[in-house]
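Step one of this worksheet: look at the structure below.
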Amino acid sequence: MRWWAGAALLLAALLFGRPAAAMEAQPVAYSEFIQDVQARRVAYARITGQRLEAAYRDGTVRVVTLPPGEARLPLVLMQYGARVEFVRPADPIAFRTLLRFIPPLLILGAILWFTRRTAGGSGGLLTMEQSPARLYRVGEASVTLQDVAGLDEVKAELQEVIDFLREPERYRAMGARIPRGILLSGPPGTGKTLLARALAGEAGVPFFSASGSDFVELFAGTGAARVRALFDRARKAAPCIVFIDEIDALARRRGVGAGGGTEEREQTINQLLVEMDGFDSGEGVIVVAATNRPDVLDPAVLRPGRFDRHLTVDPPDRKGREQILAVHAREKRLSQAVALAEVARLTPGFTGADLANLLNEAALLAVRAGEREIGWPQVAMALERVTSGGPPRRVRAAAADRVRAAYHEAGHALAGLALRGSDRLVRVTILPHGRGLGHTLFRDQDEERYLHTRRDAFDRLTELLAGRAAEALVLGEVSAGAADDLERATGLAREMVTRWGMDADIGPLRLEHAVEGEESLRRADGAMRALVAAAERAARALLEARRSGLERLAAALLERERLEGPEVEALLELTPGEKPYIIVANSRGDEGNQ
């Protein structure tokens, strides 16, 4: 900022600066000044154009404006003993020219200052062309495959890459070519970054880590320069691993989207393709990339010879979750009463990051409660916090809202018990959690299922609408409390019609991208509406058939606010595992199983 201050002072001096004598001089009339000259009071005079500065013998300074055409005054001054000095006046044209250049210079200085700041400090524009990757040298990436649990299939696929980095000559002698690139795809939190670090740690090679967004900049050519710099560093450090996280920010499909950054992004992708073509597997540089959205990647990036191997990293199954929990429990004081197998059973769909967060939340709750170790109550409370959007809020709802919430959650619980097959009801509560006034929680009791039939999807749709149906059945009207249920029901109906081919009228077509035109969109919209309406009728029929159970469950919720699964089954007089199946109307209006 020093040069800013200097520029400001210079501008002030140019605009407002004056000689010190002029700042102290007192103006005097021309006629009075002539009298002072004739009285020999003036000792010195300096004439600058029409301006005269006079130093009097008594030490004062006066300034006089000379009349036009006054040529005899210098002779008069010398005649009465005054010394005269002539000063050439400043050129006003040159001064105006200087003022004209000052604003552009100030603007240019501001741009340079802003560029230095956005480029990361003292490096300036040169910093933008440097590799954004962080280098982990051998030994710094202390993670190994032993620290990665629940991903046995993916680890087995990566083992030959590790062997190649350790003993490349064995593969070269056989004429085998190791994959140049490995793409890890899967939902967030499943361990893609951890796998890449473990790969480098296991092989004992340097590890370059960067994010796809690090290569994208405002200035044209910066992304391509950074890609070149990264691969230049990698070649010098070979054998090594280059890891690019969130590669969809860097290698998104070309030709999609518009705007000023499109050309820059395409230049960056082209440079990545050139670099991956420019080295062979013998150099020992292996590119590992991770993404949550492989569908948006450019096809040229995915072709063989670039990313040869595509590995899907899914959320772990029950056995994998138990292994992940065991890894995260190593550094925690976990009570013997906490069975990790039971925690794994209660957490279907959880990723590795979710499980780590669950145990950390339980540890925080144990510290808050003053416990010496993490017990089952803390784990159960942490699970409730994670699944229901936070701890119970200390909000006392109005009596009418509590009644409506009780019937709403009782409807969900009763429909879930009737329709969910082997799933187990964990709890139902009307204590406010997150943004809702209550929630109902089910968990898979047996093996997890990955393929769902049309009947499964329709039953789930019916359960989502059962809370709203219970409000309408008992209280006569619905409320805004079903907004989240409606959002999820709409999404499920859309999947059934446009992706899964579960509508008899639309048929086995995938209309996700609506390539069939407006008529197909209209028919799909009509099919979705019919499906949701049928599910709502089915939910109402189910609750009408078990109206007494609905009333008992709602009354118990109003009294106790929270009921565990076994308590609900006892209240409804169900034997453990019994499911009161009810035949309901399907989306076409006929009766029967779906």
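Counting begins at 1 with the first residue displayed.
Note: Cβ is positioned from N, Cα and C throughout, glycine not excepted.
Because the structure is a prediction, the values reported are computed rather than measured.
Annotation comment: Swiss-Prot describes Glu409 as active site. Residues or ranges marked as Zn(2+) binding site by Swiss-Prot: His408, His412, Asp485. If you look up Swiss-Prot, you'll see 24-92 marked as topological domain 'Extracellular', on the strength of sequence analysis. The topological domain 'Cytoplasmic' annotation in Swiss-Prot covers 114-594. Under the heading transmembrane segment, Swiss-Prot lists 3-23, 93-113, citing sequence analysis as support.
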| remark: Grouping DSSP H, G, I as helix and E, B as strand, the residues of the topological domain 'Extracellular' (24-92) number 18 helix, 24 strand, 27 coil
| In the structure shown, with every protein chain counted, which of the recorded positions Glu409, Asp485 has the densest set of Cβ atoms within 10 angstroms of its Cβ? | Glu409
| message | At a 10 A cut-off on CB-CB distances, which of the binding-site residues His408, His412 has the highest count? | response | His408
| field | Per-region confidence, the topological domain 'Extracellular' (24-92) (mean pLDDT, whole number) | value | 84
| query | How many Å separate the Cα atoms of Asp485 (Zn(2+) binding site) and Glu409 (active site)? | reply | 11
